[in-house]
């Protein structure tokens with residue numbers, strides 16, 4: 001990875017601002033869309049806005065703001081089911097930019113029994129993906145290329161109610177303490193099969209991270225060869241896991257079998273649009289605290305296998321994390337500071353969407369504003385250089401996050 005590449009791209013993007021935040025908005029089970037999950041009658045414990053959590057000691061780290069409030073519905077799954085999480089910046093439209101391409105970082109998934117997890121306890125990591133040196137890609141690049149979707153496989157756990165917690169850590173301001181941005185939601189599931197793989201004791205959230213952990217206080221703008229994914233190891237009893245190359249073949253077989261049972265065909269050697277270059281912000285202390293930058297991502301194509309779902313045109317096939325091979329390690333114990341866990345593989349099992357474009361467009365703040373002079377929920381409504389609407393739609397107010405970025409959020 002070249003520092004000069006990032007520097008040149010940073011200069012090109014310095015004047016571009018984009019609302020870059022994201023939330024989980026829907027879930028798929030074995031390729032079947034479960035509908036919008038972040039609504040009043042949904043199944044996702046959703047926050048009032050798509051803004052990140054930055055204080056790793058906050059109770060909002062558990063399930064985000066309002067995460068202690070149960071959702072109306074609970075989805076039913078069984079061991080071996082493939083669950084797909086679908087992230088979006090604004091809405092589920094095909095034009096949605098998912099998250100700003102400048103927001104590089106890992107994607108992880110935790111699970112916990114509902115009662116314990118709601119209190120921040122017994123969280124077990126079942127999947128993770130980080131940085132791939134061979135392709136110079138982050139998990140977030142792959143997520144964007146796959147239209148916000150990534151998979152896990154439900155472990156063979158005892159029947160009961162569980163929370164699944166997908167998480168993104170955006171490191172575009174990770175070069176300063178407190179700059180990393182955490183995005184997460186808790187999705188409510190009922191496991192109907194009665195497996196024998198008891199979850200380990202897990203970790204506490206908050207508590208699992210500190211602001212100075214190597215993978216949280218991390219400068220993506222300087223040269224590096226590896227990235228230590230924060231948090232515990234992936235539980236060796238999970239069916240999802242990390243993207244380590246040593247186990248990608250096993251994951252591919254597991255995922256293919258699970259998806260083939262519910263989808264009619266397999267499309268081989270598809271090309272996935274994936275980011276090969278990052279667009280970053282100025283790394284001065286002032287700009288790092290206030291500026292969010294995004295620009296078009298140059299993509300590179302790689303042949304992978306895709307399990308094609310027979311649902312809707314929106315059912316792009318998501319990233320699948322490979323099965324972890326770290327069975328000799330104690331599950332879900334915090335790693336030491338010196339430990340470097342590298343997610344780098346050219347043989348990663350990725351379930352990817354059919355190619356639609358070689359470029360993933362980033363939406364500028366002004367371009368994303370709604371027509372008619374009124375900004376929609378979560379859109380930009382003010383700040384330095386803003387030329388779009390400054391009035392928010394009914395039910396939302398314009399909140400100042402920093403001098404550069406004001407956003408429409410739900411009225412309190």
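We number each residue from 1, going along the chain as drawn.
Just so it is clear, glycine is given a Cβ too, placed from its N, Cα and C backbone atoms.
As written in Swiss-Prot, here are the features:
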{"type": "BINDING", "residues": "21, 103, 183", "note": "Cu(2+) binding site"}
{"type": "BINDING", "residues": "172", "note": "O2 binding site"}
{"type": "DISULFID", "residues": "63-186", "note": "disulfide bond"}
{"type": "DOMAIN", "residues": "373-409", "note": "domain 'CBM1'"}
{"type": "CARBOHYD", "residues": "151", "note": "N-linked glycosylation site"}
{"type": "CARBOHYD", "residues": "334", "note": "N-linked glycosylation site"}
{"type": "CARBOHYD", "residues": "385", "note": "N-linked glycosylation site"}
{"type": "SIGNAL", "residues": "1-20", "note": "signal peptide"}
Which same-chain residues, if any, lie at least 6 apart from residue 183 (Cu(2+) binding site) yet have Cβ under 8 Å of it: 21, 22, 23, 50, 52, 53, 64, 87, 99, 167, 168, 169, 170
Packing count at residue 63 (disulfide bond) (other Cβ atoms within 10 Å of its Cβ): 25
Distance [Cα-Cα, Å, rounded] between residue 63 (disulfide bond) and residue 151 (N-linked glycosylation site): 19
21, 103, 183 excluded, remaining Cβ within 8 Å of their centroid (Cu(2+)): 20, 22, 50, 52, 89, 99, 100, 168, 170, 181
Under 8 Å by Cβ from residue 186 (disulfide bond), same chain, sequence gap 6 or more: 44, 45, 62, 63, 64, 67, 117, 118, 163, 164, 165
Rounded to the nearest Å - Cα separation of residue 103 (Cu(2+) binding site) and residue 172 (O2 binding site): 5
DSSP helix/strand/coil residue counts for the domain 'CBM1' (373-409): 0 helix, 19 strand, 18 coil
